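Written below as structure tokens is the structure these notes are about.
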Amino acid sequence: MSLHQFLLEPITCHAWNRDRTQIALSPNNHEVHIYKKNGSQWTKAHELKEHNGHITGIDWAPKSDRIVTCGADRNAYVWSQKDGIWKPTLVILRINRAATFVKWSPLENKFAVGSGARLISVCYFESENDWWVSKHIKKPIRSTVLSLDWHPNNVLLAAGSCDFKCRVFSAYIKEVDEKPASTPWGSKMPFGQLMSEFGGSGTGGWVHGVSFSASGSRLAWVSHDSTVSVADASKSVQVSTLRTEFLPLLSVSFVSENSVVAAGHDCCPMLFNYDDRGCLTFVSKLDVPKQSIQRNMSAMERFRNMDKRATTEDRNTALETLHQNSITQVSIYEVDKQDCRKFCTTGIDGAMTIWDFKTLESSIQGLRIM
């Protein structure tokens, strides 16, 4: 595991370039900082300044090398690099509330933006007018959209929102998409078609994170009621929900067809397994706690504790986990969702950690990624 402390401020969101030599992140303000890897060090290479509200989402297209950002200023920008300088292009989102999340489609010919306007803007490039335009998916979303993920077929889009529901929509745009083949989620896919809807009916919580599996037939999501759920379209959209004993999870990703990694307010990533019978189980926390060392306190430390914490005891305030505050995002670092070798987490502590499954399997007894 390698931990790098980028900032004292929280890292709101991050995105990697194709070969993982650069990371774009937002230091909880209106800027995007791009860091470049030099040996074992990370040095700041660029600052992207165009938004005038907090950045809420970043995604980096691996093939076309374009960055898309969205923010609380209700805008999104597509950034392209020319002669070593990143230039922004404004996207016409047509929303009257903050944008909350952005994600490139697998073919990188469109992207989706969630927002507080209770809608999803699906954006594509209109070459005759030379600008990015959007189409809206509105019904039946009844609250802020918090998370999005694309199906591998470049058409279906999963969305988690504050109305306690996770939905799968068709984001088919005839101007840029070929007619999609039938999927286990359905065969008719006009734009905005609701393919599936999960959750709600008085239970659940805000849906913080969603993730399709590599095959696209499974969908995982995490909610504010500390549940993890998986829906399997190949099993007539059977849903398996696991209520955990942990604090709410904020981000989720498939790391193989049967394994899911999620992380959130407990400050450490967790592994869940979804077997072929449709049973979802908790496997393990993926953080090996550091051993705390008992030692005697000096008089100086005793008085300092009395002054700062109103106690004479030596209470170590550092957490045993690598991250010292909530993890806000999980992303694939090496290979892909089919066979992930390493994944990355960033959090409110301003740190970024890269987790290696091979190292984790050797340090956690009985751990196997299936």
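Keep in mind that glycine also has a Cβ here, set from the backbone N, Cα and C atoms.
Through the fold, the repeat 'WD 1' (6-45) approaches residues 51-60, 62-63, 65, 67, 69, 71, 73, 86, 325, 328-329, 331, 333-334, 344, 346-352 of its own chain, all at least 6 residues removed from its boundaries and within a Cβ separation under 8 Å. Summarising the annotation, Swiss-Prot assigns repeat 'WD 1' to 6-45.
Within the chain, the repeat 'WD 2' (50-89) has long-range Cβ neighbours (under 8 A, six or more residues past its boundaries) at 12-18, 24-26, 28-32, 34, 95-104, 108, 111, 113-115, 121, 123, 131-132. The repeat 'WD 2' feature in Swiss-Prot is assigned to 50-89.
According to Swiss-Prot, the repeat 'WD 3' annotation covers 140-179. Outside the repeat 'WD 3' (140-179), and at least 6 residues removed from its termini, the chain residues within Cβ reach (under 8 Å) are 97, 100-107, 109-110, 112, 114-116, 118-120, 122, 124-126, 185-186, 189-200, 203-212, 214-216, 219, 221, 223, 229, 231.
Under the heading repeat 'WD 4', Swiss-Prot lists 202-241. According to DSSP, the repeat 'WD 4' (202-241) comprises 3 helix, 23 strand, 14 coil.
Residues 205, 208-215, 218, 220-230, 232, 235, 238, 319, 321-332, 337-340, 343, 345, 347, 355, 357, 364, 366-367, 369-370 of the same chain lie 6 or more positions beyond the ends of the repeat 'WD 5' (244-284) yet place their CB under 8 Å from a CB of it. The repeat 'WD 5' annotation in Swiss-Prot covers 244-284.
Same-chain residues lying 6 or more positions outside the repeat 'WD 6' (322-365) and placing a CB less than 8 Å from one of its CB atoms are 1-16, 20, 23, 25, 27, 209, 211-215, 250-257, 261-265, 267-269, 284, 286-288. Per Swiss-Prot, repeat 'WD 6' is recorded for 322-365.
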What parts of the chain pack near the repeat 'WD 4' (202-241), using Cβ distances under 8 Å and only residues at least 6 beyond its ends? 146-153, 156, 158-162, 164-166, 168, 183-185, 196, 247-254, 256-257, 260, 262, 264, 272, 274, 278-280, 330, 336-338
Mean predicted confidence [pLDDT] for the repeat 'WD 6' (322-365): 93
